[in-house]
Amino acid sequence: MHSKLNIQSKQLYKIFLLIVGSILGAILRWKLNNYFWVNISGAALLGLIVGLRAGSRIQFFLVIGFCGSFTTFSGWILDVFDLFRTGFFWKAAGLICSNLLGGFTALSVTFWIGRKIRHLFIPQ
């Protein structure tokens, strides 16, 4: 019985982390209201978290909760679609390339930074 309660409390704690992270991510996304910087900074945060090898609770809170609601593929792709639909093909292509390249670069750089920081505090 005790282990069943322990498992249930861990699940509730994960749900709590998910809810709080999601709310904070959604509020910040709403306040920034700029798909490009939201997606780039979200990718950078993901890179840092993974590079640091943060604990599972921190990853659950930040990766699934916060970044899951903070970054916004659907809003961004709607902007791309509207540009294509209205004949701004080069702007749409530029938006696609800048977000993909920017997001990949931000994640790669912050992953590397996270690994360096981790090695400073936790030598191998």
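Placement of Cβ uses the backbone N, Cα and C atoms for every residue, glycine included.
Annotated Na(+) binding site per Swiss-Prot: GLY68, THR71, in sequence order. Of all Cβ atoms in the shown protein chains, 21 besides its own fall within 10 Å of the Cβ of THR71 (Na(+) binding site).
Per Swiss-Prot, the feature transmembrane segment maps to 7-27 (among others); the stated evidence is sequence analysis. Below 8 angstroms of C-beta separation, residues 57, 60-62, 64-71 of the same chain, each at least six residues beyond the ends of the transmembrane segment (7-27), sit close to that stretch.
What Swiss-Prot lists as transmembrane segment is 32-52 (among others).
Among the features that Swiss-Prot reports, transmembrane segment is placed at 58-78 (among others).
Distant neighbours of the transmembrane segment (93-113): 35-36, 39-48, 50-51, 76, 79-80, 83; these residues of the same chain sit at least 6 beyond its ends, with a Cβ under 8 Å from one of its Cβ atoms. The annotation transmembrane segment is assigned in Swiss-Prot to 93-113 (among others) on the grounds of sequence analysis.
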Long-range neighbours of the transmembrane segment (58-78), counting only residues six or more past its ends (CB under 8 A): 14, 17-26, 28-29, 35-36, 38-39, 42-43, 45-46, 49, 95, 99
Which same-chain residues, if any, lie at least 6 apart from GLY68 (Na(+) binding site) yet have Cβ under 8 Å of it: GLY21, SER22, GLY25
